[in-house]
Amino acid sequence: MALTLCGRARRFVSATSVHNNDCLHRLQQTGSDRFQLGEAKAIRLLPRRTNMVQELGTREELMQENREVETSYDFLGEMRQRFLRFKRQKYLPQIEKFQALAIAQSPKDKKQVMVIGCADSRVCPSYVLGFQPGEAFTIRNVANLVTPIQNGSTETNSALEFAVTTLQVENIIVMGHSNCGGIQALMSHQNHKENQSSLVERWVMNGKAAKLRTQAASSHLSFDEQCRDCEKESIKDSVMNLITYPWIRERVKRGEVKIHGCYYNLSDCSLEKWRLSLDKSNNGLYVSDREIWS
């Protein structure tokens, strides 16, 4: 009966619309419940032309694709909100400062600091040490290593050269941290398998000297304790490796550049800091100004 009424309704609307378009227009605007219900019932009474299982499978695939797209868009949406929040809360209130930084990254009224930090996502130097845009020229690698100049060019020492010779930074900081995955990889690595190692293992083997000293002095300690010692020994080696670069060593001797090491403890939020100083009596170097900030 619903199908018959629906058919009559359609013929009535169709015939009437030829002579009076206002009727159809009002029907579309108000939405006749009976007409729509009859149309829906008529469609359900038609024979299915597709396999229901295939149709449900297709729907599920489409829903899965939509979920994946929505997840991706959620991430990008969050990034967009963070950027706009940065612009609204930080950039616009200090627009003159940021426009000055757009011209050069070394403000005339303040010398930049060069920071060599770890790539670990938990240890962002600018976040931990409170640097603002334009203050810190930063390079990050696995385990915050500085190789000696004899080892050749790396991303780290090329950034060092630019920071010291072009930006003329006055302070270089090597910043390590506790629970460093790079140092754990170094301490776990079997020295005789260097040629069969992954890229990460081959890179951290640049800290091999610190590892061997730690193992010799701390063999009675647990593996985790040895890692803590090696993390600090590695910072010391990287600090000393900076002196192998002539354009750093000469500036240190003239007092134009100061080199610092610091160790950030994630567990208690403390920072152990020291400086490499020049002994003018014998032209040697020694560690001075050791402090713990807690």
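Think of each number as a place in line: the chain as shown, counted from 1.
Glycine residues also receive a Cβ, built from the backbone N, Cα and C atoms like all the rest.
Just so you know, TrEMBL annotations are computer predictions that nobody has curated.
Worth saying up front: this structure is predicted, and the values here are computed from it rather than measured.
As given in TrEMBL:
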BINDING   Cys118, Asp120, His177, Cys180  Zn(2+) binding site
Enumerate same-chain residues with a sequence separation of six or more from Cys118 (Zn(2+) binding site) and a Cβ-Cβ distance below 8 A; give 'none' if the list is empty.
Arg140, Asn141, Val142, Ala143, Asn144, Met175, Gly176, His177, Cys180, Gly182
Sequence-distant neighbours of Asp120 (Zn(2+) binding site) in its chain (C-beta under 8 A, six or more apart):
His177, Cys180, Gly181, Gly182
Non-site residues, in chain order, whose CB comes within 8 A of the mean position of the CB atoms of Cys118, Asp120, His177, Cys180 at Zn(2+):
Gly117, Ala119, Arg122, Val123, Ala143, Asn144, Gly176, Ser178, Asn179, Gly181, Gly182, Ile183, Glu231, Tyr264
Just to verify: the residue among His177, Cys180 with the fewest other Cβ atoms within 10 Å, which of the binding-site residues is it?
His177
